[in-house]
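Listed in TrEMBL:
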DOMAIN    23-286  domain 'NADH:quinone oxidoreductase/Mrp antiporter transmembrane'
TRANSMEM  57-80  transmembrane segment
TRANSMEM  86-104  transmembrane segment
TRANSMEM  151-169  transmembrane segment
TRANSMEM  176-194  transmembrane segment
TRANSMEM  200-217  transmembrane segment
TRANSMEM  237-255  transmembrane segment
TRANSMEM  275-292  transmembrane segment
DOMAIN    288-341  domain 'NADH dehydrogenase subunit 2 C-terminal'
TRANSMEM  324-345  transmembrane segment
Amino acid sequence: MNPYILATLLFGLGLGTTITFASSHWLLAWMGLEINTLAILPLMARHHHPRAVEATTKYFLTQATAAATILFASTTNAWLTGQWDILQMAHPIPTNMVLLSLALKIGLAPMHSWLPEVLQGLDLTTGLILSTWQKLAPFALLLQIQPNTSILIFLGLTSTLVGGWGGLNQTQLRKILAYSSIAHLGWMLLILQFAPSLTLLALLMYIIMTSSLFLIFKLNQATNINTLATSWAKSPMLASIAPLLLLSLGGLPPLSGFMPKWLILQELTKQDLPLAATFAALTALLSLYFYLRLSYTMALTLSPNSPTGTTPWRLPHLQTTMPMTIFTALSLFMLPLTPATIVLLTF
């Protein structure tokens, strides 16, 4: 892709998200979401492969449906209350409509079925943008409205269950990462009403860990579980670090991914929701299972090769590894900084 066109599209991505962040009017927020969607569509279809075009079409139709519902709900709210302000969503009907349309936009269960199919049709770089950056603008709107607590808990628990259950029988890494995204979004939504700062912490940790994992898979050119078995021959250091990263994504102590889940379970217990906390912790075991399966494939499995094929020439990588190094270090070693993180979130 022409670098000027690429720079324009990336600028559009940043501009759309920034407009949604800074807006207090529903029409301006809707415009930011539309700019964001239109900017990523050429990035998704740039390889001109039928699978990529199919994924782009599915994504466009889903996002257009969600954006139209947001516009309709905000218009309904203005008709009922006379307010276009995002913070003035007082009527329950438009509030719930906006909540469900934002859930469709980010891929929460039970409106999740588009996300694994779309992510499977993209390359890893565009999939990284879709899994991380595209979540920011809808979450900025979710944090500003005051939706019904019971609906949030239902969506959160459903997402953690579907995200764990759906990833069990997958062999494609991008689909596994999509179901991982659904499960993590469920954890964020569970605590949104009670402690928005914990939602931001969970979103930040998810973005860090997912970025590191996408960059590692991109460096190894891995797209399914079978190709992970060749990681040890390609890059032994990455093959030893990636299982730790996967376990961190599953929320296993003493890694960084344990921190947001620990704090969320603690807050749910304080809010007299022990059943929701227990159910979320049990569904996390489902996600941990398929992370363990990937870890086993990377660390304890060798692909069938001739003796000379197990030690290929290790040419130096031409890709930039500094972002991957930073994200990996943060994904593994941030748990001791939990007290400092809590202090920062309270200010």
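Each Cβ is built from the backbone N, Cα and C atoms, and glycine gets one as well.
Unlike curated records, TrEMBL annotations are generated automatically.
Most Cβ pairs under 8 Å to the transmembrane segment (86-104), among the stretches 57-80, 200-217, 237-255, 324-345, belong to 57-80. Beyond the ends of the transmembrane segment (200-217), by six or more residues, the same chain brings 124-125, 127-128, 131-132, 135-136, 139, 143, 173, 177, 180-181, 184, 187-188, 191, 223, 238, 241-242, 245-246, 248-249, 256-257, 259-261, 263-264, 321, 323-324, 327-328, 330-331, 334, 341, 345 to within a C-beta distance below 8 angstroms of the stretch. Tertiary proximity for the transmembrane segment (275-292) is limited to same-chain residues at least six positions away from its ends with a CB under 8 Å from its CB atoms, namely 153, 156-157, 160-161, 163-165, 167-168, 170, 176, 179-180, 183, 186-187, 190, 246-247, 249-252, 261, 264-265, 268-269.
Counted as Cβ pairs under 8 Å, contacts with the transmembrane segment (176-194) are highest for 151-169 among 57-80, 151-169, 237-255, 324-345. Per-residue confidence over the domain 'NADH dehydrogenase subunit 2 C-terminal' (288-341) averages out at a pLDDT of 76.
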